């Protein structure tokens, strides 16, 4: 009797599938292709460069010692980000399939990895496009003069300004009340906000139009969506550097605090930032590279995309912090001027005697000679660094609160607001292309949809399902759910997927086989650096980051900031713990996307075990049916 090992069959299938120089099946040869190399690179860059490059990276630089943060960030880029990016681009280009097809070809036991990538791409896409709906809402309102977030509306009786707006700021009121109409906590759902539903539908319509013909239409769209943000950033850079206080913001950003490198959290955040910034493990990069010709230098592509992504983060930080430095300086002027006026009036000095430039000198002199009198004036403390600490935030807080408040102080504020939100929409739209591609390509590769159904209809159905699912984010509690999805869908699942990806290619398919594939595609085998990263450094870093992240999250019950006008310390946000049922949903969001990995593996193993006895029964030495059937076919062939 012949014995069959499932794992042995898996390895044999992988070798046969990936053997260098193997002729691809005809249906794979008919796969769509990019019009040119520029389209492909722009699409990958647009997918990698997203909103996080503008509002997450500068925030991490600011809280972790400015320039000192670049050290762990660059280390993570070299030893974790680039090897994973290179691996995904190479394996997609070699096999010319989507995420599910790729991992099924390497090993049927790993089919769940592709399913996990597809689920994560879908879940990230539905909340990511909600952010684009918010951007559209602000974009439509940026044409008003004055901007609607520069003043408080009247109350219902029209006898004064709205109480909630007066207690906070017009910017906060426009974001939390006019845009989100937010509820006091996540347990109070509220109703659908019709204006957000319209904006969300508009955002999905734009995605569908750009994606209606697959890479043919998307390849044309990236010429705008991937390049326009750089034009806007350059315009902002030139304008921001001319604003008062810009140098203070840049100095605050890049002043290194080397002591922060002793904090393990700095290294963890640097590793996670570079990992998520490059958009690996979503399946989108594998899909994009699968439309390349087999013989293409994917090593050069990976290095180019990775370096441009990180350079964009640094480039975006300069205008962002220049404008925030301007905002801090503007805030800093108000108490400074009031202090100068108080000192001038109290000591009966002539005007212009005390100025902004010599204020510190006069304050120290008067404080030493007339201490009691100066103390009685109750002057406000003026420290620019303190104001810089207060003006910065991350994520939506930067885009829709801090930055909009800074823009309203700039001359020609409408123009800068329009440019800023067009830039955000372009960044988000090019990233959405990768998320949708990570869903559609596996569906097409698996032949889940009959051929008679046009691809335009399939794309429309996927976008419609995503839109209907995303309606939860247009509720009064929608912003809280966006934070839940943002914090947990794209964290643990992606780390697990990436770990299985690199393990599958290097230790199941085999380093030698993969080297031959790279030689076939690029004309040279990987050097010792790539091999060391793939075999040891990158898997270990992924495992350490995953364990550290889970341990840190497990040490504290997750909480969220709630906008509650009834809070005693309002307008400060009230930090509330997530209810138990929301905590259960958080666990599901972390587990459900990756549960397919063990489920598919166990299912395939069981199927292999069940088929093994039946195989032995059919291999009867006294039965020649198989040979007779073959002889019959040969006879037919001769006839």
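Each Cβ is built from the backbone N, Cα and C atoms, and glycine gets one as well.
Every protein chain shown contributes to the tally, and the Cβ of residue 277 (Na(+) 1 binding site) ends up with 24 other Cβ atoms within 10 Å. The annotation Na(+) 1 binding site is assigned in TrEMBL to 46, 48, 53, 277, 309, 427, 431.
Sequence annotations record features per position, and here TrEMBL assigns Na(+) 2 binding site to 49. Within 10 Å of the C-beta of residue 49 (Na(+) 2 binding site) we count 27 further C-beta atoms, all protein chains included.
Remote same-chain residues near the transmembrane segment (40-57) are listed as 34, 89, 131, 215, 218-219, 222-223, 225-227, 229, 273, 276-279, 284-285, 288-289, 291-292, 301, 304-306, 308-309, 312-314, 316-317, 320, 394-396, 398-399, 423-424, 427-428, 430-431, 433-434 (criterion: CB distance under 8 Å, separation of at least six residues from the stretch ends). Per TrEMBL, transmembrane segment is recorded for 40-57 (among others).
For 63-87 (among others), the entry in TrEMBL reads transmembrane segment.
For 108-140 (among others), the entry in TrEMBL reads transmembrane segment.
Sequence-distant contacts of the transmembrane segment (192-211), counting only residues of its own chain at least 6 positions beyond either end whose CB sits under 8 Å from a CB of the stretch, comprise 129-130, 132-134, 136-137, 140, 179-181, 217-218, 221, 225, 429, 432-433, 436, 440, 459-460, 463-464, 466-467, 470-471, 473-476, 478. Annotated transmembrane segment per TrEMBL: 192-211 (among others), in sequence order.
Residues annotated as transmembrane segment in TrEMBL: 223-246 (among others).
The feature transmembrane segment is assigned by TrEMBL to 266-291 (among others).
Here TrEMBL flags 303-326 (among others) as transmembrane segment.
According to TrEMBL, the feature transmembrane segment maps to 415-436 (among others).
The feature transmembrane segment is assigned by TrEMBL to 457-482 (among others).
Feature annotation from TrEMBL assigns transmembrane segment to 488-508 (among others).
If you look up TrEMBL, you'll see 528-552 (among others) marked as transmembrane segment. For the transmembrane segment (528-552), the list of distant contacts is 76, 79-80, 82-84, 86-87, 264-265, 268, 271-272, 275, 299, 491-492, 495-496, 498-499, 502-503, 505-506, 511, 514-515: same-chain residues at least six beyond its ends, Cβ to Cβ under 8 Å.
Per TrEMBL, the feature transmembrane segment maps to 581-606 (among others).
With pairs at least 6 apart in sequence, the transmembrane segment (266-291) and the transmembrane segment (63-87) have 3 or more Cβ pairs within the 8 Å limit; the two touch. The Na(+) 1 site is set by 46, 48, 53, 277, 309, 427, 431; from the centre of their CB atoms, other residues of the chain with a CB within 8 Å are 45, 47, 49, 50, 51, 52, 279, 312, 430. Geometry remark: residue 427 (Na(+) 1 binding site) versus residue 49 (Na(+) 2 binding site), CA distance 7 Å. Cβ contacts within 10 Å of residue 309 (Na(+) 1 binding site), excluding its own Cβ and spanning all protein chains shown: 23. When Cβ-Cβ distances under 8 Å to the transmembrane segment (223-246) are tallied for each of 266-291, 415-436, 457-482, 488-508, 581-606, the top count falls to 415-436. Simply put, out of 266-291, 457-482, 488-508, 266-291 has the most Cβ pairs sitting under 8 Å from the transmembrane segment (415-436). Note on the transmembrane segment (303-326): residues 41, 44-45, 48-49, 53-55, 57-58, 61-62, 70, 73-74, 77, 81-82, 85-86, 230, 233, 236-237, 239-241, 243-250, 252-253, 274, 277-278, 388, 391-392, 398, 402-403, 406-407, 409-410 of its chain, located 6 or more positions outside it, place their CB under 8 angstroms from a CB of the stretch. Using a Cβ-Cβ cut-off under 8 Å and counting only residues 6 or more beyond its ends in the same chain, the transmembrane segment (488-508) has close neighbours at 10-11, 14, 83-84, 87-88, 91, 103, 106-107, 110, 113, 116-117, 120, 123-124, 127, 272, 275-276, 280-282, 514, 534-535, 538-539, 542-543, 545-546, 549-550, 586, 589-590, 593-594, 597.
Between residue 309 (Na(+) 1 binding site) and residue 49 (Na(+) 2 binding site), the C-alpha separation comes to 6 Å.
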